[in-house]
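The feature domain 'ABC transmembrane type-1' is assigned by TrEMBL to A:87-271. According to TrEMBL, the feature transmembrane segment maps to A:33-53, A:91-113, A:125-147, A:153-173, A:194-219, A:248-270.
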Amino acid sequence: MSENTMAPVAIDPDAWVRSQLRAASAQRLRHGLSVWVLRLVVIGGALFLWQSLVNARVLDPFVVSSPQAVGAFLLENLGTGKFWTDVQATVLATLIGFVLASIAGVVAAFVLAQSKHLHDVVDPILTFFNSMPRVAFAPLFVVWFGLGITSKIVLAFSLCFFIVLSGALVGLTQVDSDLNTITRQLGANRRQHFVKLVLPNALPSIAASLRLALIYGFLAVVVGEMIGSSSGLGQQIAYYSGVLRMDAVFGILLVLGVLVSAAVALMRAVENYFLRWQ
Amino acid sequence: MPVKSGGIRSGLEQAQTPAGTTQGLPLNGASKQQGSGAAISFSHVGQYFLLREKSGARAIEALHDVNLEIQKHEFVAIVGPSGCGKTTLLNIAAGLVQQQFGEARVNGAVPQAGQKNVAYMLARDALLPWRTAIRNVEYGLELNGVAKKERRHRAGELLAAVGLSGYENAYRSQLSHGMRQRVALARTFALDSSILLMDEPFGALDSHLKIQLGELLLSLWEQNKRSVMFVTHDLHEAIALADRVIVMRPKPGHIAADIPIPLPRPRNLNSLQVNSEYHELYQHIWSVMGNV
């Protein structure tokens, strides 16, 4: 600040800032462009390799299908109402399970964070339930809750709940002790302490756990639909693998991948906005 | 009980009570009397901590019979090596630690965490990372229900006073260490508390920034003299800032000396560096501190 070293050349600071910003955005654009080009090259290369190996009869198209066949399936089906009904069923079950589990997980974490005693009591019990492979419950849930959407929601809930609970619990209980001291010293009451310190402090880990939970929610619903369902993309996968339509299986998997990636990207964008201080 | 009560201490290190304040302690039993009396007082304060080791647990005497009064508008620095109990003493005044023996009073009342007339500052900035600089400065005002317009105005003034106008909307991650500590300093002054408790507030800064922020602290303090209890392990800083330097020594933590600093005010910390009286005081206190 008080350094005596002056730049030998006089510069217009505003112009300098503008040129720096321009350079930075050009740099970002170049980077983004090259990333996308290379990405498409990688994807295209893989598809090309796949197609060539099938064409050369190195791979059996009956077993691995081919990009061409998958594309044909998608072209044929993406426009149909039946396909979108299935997409809707899967997405709806996932969202309901995910949202319910997120609310319940955060609330449960809040309750457990209030009392170390209670936390110590239930911690191993929660760990026990969380370490069970919930997917194995899918047939059970189908028996209990039927072939409809309910069994899928319950399965998704059982996975998402524990993910959100443990993430939120970490966030709500790990508050920096200096921030705690300062907040107390500045005269915060219990409510202010929670609203202004504990909650914002927990947001990054809650957000990370929500993202993870969404991915596992899709997984749970698709598995549930494969086990027993009247609709949904999972049910379609189960059906097409049964009749050895590999093109259809891959096509549906592609759609699922795109759906989940888009949902996660959306969540990340929301997160980046709210956690821009990081 | 393997508790030692500090039997081997030379006369020099004997806990002293500053002359003129011995008969003080007017607050014993009369805690309502707030008009006169010291800003902070400790009488016969003692504190043990439990130390667990492989060989078993034992009690460590962190503070032994500490008597100290800090008058209104007085700037008192407490120096001593680590483990001498200086931070414990500060935290008793802050209401964060409840002493086991003796009495502590802040403005005549039993110390309580969150007391409105006390501001507290740490070596780490303790800024909320999700708040901008100005919203960190107004944090205390917000917790105390000051209207948004008013607190924003006050916080803006304080940010300007610590040389950070233009950084109102910067997040902690965008500020340097020195800037963060300036924001923390502004937050400390925002509530207009009559007592400042500072625990090595500049301890994590380099010596140049230390002097800069010391100057800043003094200039804020000169405008509206508050009572300051300033804990540090840096004797240079203590002498430069304080009206009185309290020397503490460990095993058990006790007050070894209470030395007035007659340097005139307002002080310029840079010119102090070439002031002979300052250096004589330094040598004197250094010899009192001994080789601990």
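Just so you know, the numbers here start at 1 and follow the chain as drawn.
Even glycines carry a Cβ here, placed using N, Cα and C.
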Under 8 Å Cβ-Cβ from the transmembrane segment (A:153-173), and at least six residues away from its ends along the same chain, one finds 93-94, 96-98, 100-102, 104-106, 108-110, 112-113, 119, 126, 129-130, 134-135, 137-138, 141, 144-145, 198-199, 201-206, 208-210, 212-214, 216-217, 219-221, 223-224
Contact count check, CB pairs under 8 angstroms to the transmembrane segment (A:194-219), set A:33-53, A:91-113, A:125-147; argmax is A:91-113
Lying 6 or more residues past either end of the transmembrane segment (A:125-147) yet within Cβ distance under 8 Å of it, the residues of that chain are 154-155, 158-159, 162, 165-166, 219-220, 223-224, 227-230
